[in-house]
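*Asks:* First the structure, then my questions, so here it is.
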Amino acid sequence: MINEDSIQLEALLKKYYEHSIEKIVFADDSGKIIAMNDAAKDILSEEDNYSAVANAICHRCEGYTNAYDVQSCKDCFLESMQVQATNFQVFMKTKDQKVMPFTATYQLIDQDRGIHAFTLQNVSSQIEQQEKLHQQRMMRKTISAQENERKRISRELHDSVIQEMLNVDVQLRLLKYQEDTAKLLEDAENIEYIVAKLIDDIRNMSVELRPASLDDLGLEAAFKSYFKQFEENYGVKIIYTSNIKNTRFDSDIETVVYRVVQEAILNALKYADVNEINVGIRQTGRHLVAEVIDAGNGFDPSSKPKGSGLGLYGMNERAELVSGSVNIETKIGEGTNVTLNIPI
């Protein structure tokens, strides 16, 4: 092991400074750049050299990643002691005007002389790879959500529409052998009733799949129409509150909010055993929040979900497609609260 005070270690550190792909900049206690290696000259040009470090860096900085945004100048890392105590991601403009992401440090290395070191490591390839992996995950989630939707539609077609159509088919076949005119008319009226119900079922299914009002008028109108139909069909009252009025959001976000709320309501209908369900939609700052609350049976979150379990799984899958999250608070006998939170 090389002695920390040895000339050999100093030589190695000098070689690292001169030949490293890591960009290294030193500034004195007045903020003036006193040295930078060749790698740093991709960022700080000769005209920036020996100027105030804040001016030189700010001239090239496009923001760093913090709690507020991916690229922000709020609580600048040059001034924040909390940021300086950690590695952070910063976006810098190179001399050829390309904005590149870097892992950076900005720390005091010589307290007596007030010398700071600013280091940058290019992470473009890592971020590009992460984005590819993220896109692949999102694609898998999208396909999974589509498959779950197809399964749901298949079940509904089999359990309602196809069964009714088979019933009509049987009754139509029997009409051929019916000689009693009065009974024939009675059977015909019954078939008319079944066909009318079948039309309603298909219309309702069409609305559930993609209501025209969602595309044309937005969430507020789509929900009011859906809740009215829901109350008529199932006799369960929906207490709806909202502050979004006629505000429109990205189409993908509106679809996710509509689907998650719809799924949460249907789950409450199937398992909660309640006469009313509370639904709230609100925009708070840079987030869109949807809540579905019932005071019904509740369930044990650690137990296996009732039914297929695709409902709860599908809600999370959908939310992740728009960088959102679903939180479910429930307890047996105390109801369920489903909260969807989406950044906008």
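Placed from the backbone N, Cα and C atoms, the Cβ positions cover glycine too.
According to Swiss-Prot, the feature [4Fe-4S] cluster binding site maps to Cys58, Cys61, Cys73, Cys76. What Swiss-Prot records for 152-344 is domain 'Histidine kinase'. Annotation source Swiss-Prot lists phosphohistidine at His158, citing sequence analysis.
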*Asks:* Within 10 Å of each Cβ, count the other Cβ atoms and name the one among the binding-site residues Cys73, Cys76 with the highest count.
*Replies:* Cys76
*Asks:* Would you identify which of the binding-site residues Cys58, Cys61 has the most other C-beta atoms lying within 10 angstroms of its C-beta?
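*Replies:* Its Cβ has the most other Cβ atoms within 10 Å: Cys61.
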*Asks:* Looking only at the domain 'Histidine kinase' (152-344), what is the model's average confidence as pLDDT?
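*Replies:* Taking every residue of the domain 'Histidine kinase' (152-344) together, the mean pLDDT is 85.
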*Asks:* Other than Cys58, Cys61, Cys73, Cys76, which residues of the chain come within 8 Å of the [4Fe-4S] cluster site, judged by Cβ distance to the Cβ centroid of those residues?
*Replies:* Ile57, Gly63, Tyr64, Phe77, Leu78
*Asks:* What three-state secondary structure does DSSP assign to Cys58 ([4Fe-4S] cluster binding site)?
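*Replies:* Assignment for Cys58 ([4Fe-4S] cluster binding site) reads helix.
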